[in-house]
Amino acid sequence: MADYRRRLATVGLIAGAALLAAMAVLPAGRAHAATVVVREADKTEKAPERRAFVMTDTQGRMFTDQDMLGSFALIYFGYTSCPDVCPTSLQTVAMALEELGDDADRLKAIFVTVDPERDTPDVMRQYISMFDERIIGLTGPKPFIDSMVAAYNVKYEIGEIDPERPKDYLVDHSASIAFVGPDGKLITRFGYGMTSEQIAERIREIISKTTVN
Amino acid sequence: MRLALVAAILVLTLTVASAEQLARPLDRLKTIDPRTPVADLTLATGEGGTTRLSDFRGKVLVVNVWATWCAPCRKEMPGLARLQGFLEGEDVKVLPIAVDREGVAAAEQFFAANGIAGLPLLAAPAKEVVAAFGEDRLPYTVLIDKKGREFARLVGPAAWDDTEFAILIRTIARSADE
């Protein structure tokens, strides 16, 4: 009898602990776990994991992967002082934001410099102002940038032009625009050469299929 | 007199030095064969009105697509102004089209701050320019014949005040219509 009671108490204790644990875990987990994002198969990705990073915005504030949670995000890696041919990707991002209208409120557009020596927060702020002030400019110490670059599987190289082989100058075509879900995980990438209309259309499509409950 | 000579040499040296950093147009131009008609872009003008590319039919056009945020674009602009100066009186028009969000105002500010004269203030929405020329990089320059057909294109900056290039354009402008 005593044995049975003890067993009951143990079961009760375990159940109580489980309930407590669930109560502790649930509120924290709810915000992200319930977001259902439709993802596209991406050959370059093994698994769409959330990628951690710590950077500084153009106001000098800390900006991490946690600051993107709950919003979709467009992340573009680039630099402001292109020596030869300038990619128009940031302009494309700005135009896509414009085309998205109110839907743009559901996403954060982020421009990460890969050239922190020249792209000081001031330089970036001024540069971004020529496109769309909603774009968040991120910089940081080189190792931090490299870590974010690695986290998003982006490749970048800044090279001087060789006059003998001007075509070899690298406008990095792999420097596509990453589209990240409200859970911080990659959804897809928008390749170099996609128009702002195409990007806006894809974003709308993905946003409309995403349910947050 | 001596001062003027020194100044002239200095100017010449600076010109040569700046030209050295930019590629010669003839080295990088790609000819378009067959010549293809270009889209009839509507351009905002410095006077607050609009003009169309087709309004310049009958002239050889050096259409340069640029933006004030693009460093190499800024660098080649003085050369484009000098090219227009070299070809004064010829059937040639250098048309820099700014794709800045601020449009003509951005170009105007840049021209004023850098003493660029003799070039028209023109701008068009980036989206329309991309649709017309299909380039997602800046700068690039499209050469258009008197019939409104593209015959060459150069992506990237160049020293447009290059003498050989100026002679080539003048020859094309003076030749009978094909």
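Note that Cβ sites are derived from N, Cα and C of the backbone, with glycine treated the same way.
All TrEMBL annotations are machine predictions without curation.
Because the structure is a prediction, the values reported are computed rather than measured.
Annotated in TrEMBL:
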type	residues	note
BINDING	A:C82, A:C86, A:H173	Cu cation binding site
DISULFID	A:C82-A:C86	disulfide bond
DOMAIN	A:41-208	domain 'Thioredoxin'
SIGNAL	A:1-33	signal peptide
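Per-residue confidence over the domain 'Thioredoxin' (A:41-208) averages 85 (mean pLDDT, predicted model).
Sparsest Cβ environment among the binding-site residues A:C82, A:C86 (other Cβ atoms counted within 10 Å): A:C82.
For the recorded site, A:C86 (Cu cation binding site), the DSSP three-state label reads strand.
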